[in-house]
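Data first, discussion second: the structure below is written as structure tokens.
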Amino acid sequence: MGIRNTLDKLEPHFHQGGKYEKFYALYEAVDTIFYSPPSVTKSTAHVRDGIDLKRIMITVWLCTFPAMFFGMYNAGLQANMAIGDGFGALGGWREAVTMALAGSHDPGSIWANFVLGATYFLPIYLVTFAVGGFWEVLFAVKRGHEVNEGFFVTSVLYALILPATIPLWQVALGITFGVVIGKEIFGGTGKNFLNPALTGRAFLYFAYPAQISGDSVWVAADGYTGATALSTAAQNGMSAVQQAYSWWDAFLGFIPGSVGETSTLAILIGAAVLLITRIASWRIMLGVFVGMALTAMLFTAIGSESNPMFGMPWYWHLVLGGFAFGMVFMATDPVSASMTDPGKLLFGFLIGVMTVLIRVVNPAFPEGIMLAILFANLFAPMIDHFFVQANIKRRMKRDAAYSPATNEETA
């Protein structure tokens, strides 16, 4: 009651004519964090549902937690194993915090691994939230509309697809590009045709490739270099991957990679909740999976003596790189994806096909899910257009078939 009374007392100052009317978006954002919006439908409701945008976004945000927490643990585990092999710790305040809270770099300690991983991920997330939130609030204030809860999701998704060692100034630059160029210049939430989180990562990928790809960015240990499992497969074939990791290692997430993308199991836990609550589209996920599996099997059947990626089975494509994360959390973005039911299947299928094509055919990009989703975002409006037009023509033919009989009965 104390929070509600305080907010009610402050509310008049933020309405039109009040002292702080320009900052109503900030007041509204704080109010809706603690309480549901007071607006209700007073006339006939065309959409009947007990869930609003805030609950949807918070649910998606919570569904990333399994991947987030395991990602922090795995980032620390990979670093501590490297330190145990003789590589040095990176030092700085992270080392001081780790020693104060965990006392060692023991890779056998769950707590030590989690603390070290958290010292890398949490700053990334906080910088993402602060900088991206600043741009969200700035555009909301200038346009006079509410701050949307969608940034809760954008911020965590963006942070989870970055390597743990990325410089924080690049984190800020990437989320700025993703929010401003990927969303706000098109009108804000609901009007963007590109996924903002992937747009920001794509900017970093092409502008600063040394800090977001390669062999030295995945494990937070001084002097350590090591390719991801997907890069190893692209360079040396599946035999080299299987010597280093089992399929279960990759499925559970005990491999180097971006913070939130390594554990397919943790990602699928979040996917189950999204599907049960019907927040994410099963059609898109199914389309992505089927497109990937069929294309991978086609390349496996064709084979190649010069390109080892031809021989990667579909079940390895599933657990390596960011495929699972992209399929569950990125491809299902309701704003930038197709909206018609058959369009969702085709949209997802296109992503799955292009992911494997980029991974196998283009040696410059061992990871293909990011570019595949962004390309599919560009095609989504056209996909929906063709399906809508086909539906209109089908209905017109059906109406034309019934109209003569109707006219005769009337006469």
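Glycine residues also receive a Cβ, built from the backbone N, Cα and C atoms like all the rest.
Feature annotation from Swiss-Prot assigns FMN phosphoryl threonine to T228; the stated evidence is sequence analysis. What Swiss-Prot lists as transmembrane segment is 56-76, 121-141, 161-181, 254-274, 284-304, 309-329, 345-365, 368-388.
The Cβ of T228 (FMN phosphoryl threonine) lies under 8 Å from the Cβ of W218, I255, P256, G257, L320, G321, P366, each of which sits 6+ residues away along the same chain. When Cβ-Cβ distances below 8 Å are used as the criterion, the transmembrane segment (121-141) is approached by residues 22-23, 25-26, 29, 68, 71-72, 75, 147-148, 151, 154-156, 158-159, 162, 164, 166, 168, 171-172, 175-176, 178-180, 184, 188, 259 of the same chain, each at least six residues removed from its ends.
Residues of the same chain lying 6 or more positions beyond the ends of the transmembrane segment (284-304) and with a Cβ under 8 Å from any Cβ of it are 271, 275, 310-314, 317-318, 323, 326-328, 331-332, 337-338, 344-353, 355-357, 360. Within the same chain, residues 161, 193-195, 198-199, 201-202, 205, 321-323, 325-327, 330-331, 336-340, 342-343, 346-347, 350-352, 354-359, 362 sit at least 6 positions outside the transmembrane segment (368-388) and bring their C-beta atoms closer than 8 Å to a C-beta of that stretch. A Cβ distance under 8 Å defines the sequence-distant neighbours of the transmembrane segment (56-76), meaning residues of its chain 6+ beyond its ends; these are 110, 112-118, 120-122, 149-150, 152-153, 156-157, 160, 164, 220, 253-255, 258-263, 266-267, 269-271, 273-274, 277, 279-280, 325, 329.
Residues 59-60, 62-72, 74-75, 77-78, 117, 120-121, 124, 157, 159-164, 218-219, 226, 228-229, 245, 280, 285, 318-322, 324-325, 328-329, 332 of the same chain lie 6+ residues outside the transmembrane segment (254-274) yet bring a C-beta within less than 8 angstroms of a C-beta in it.
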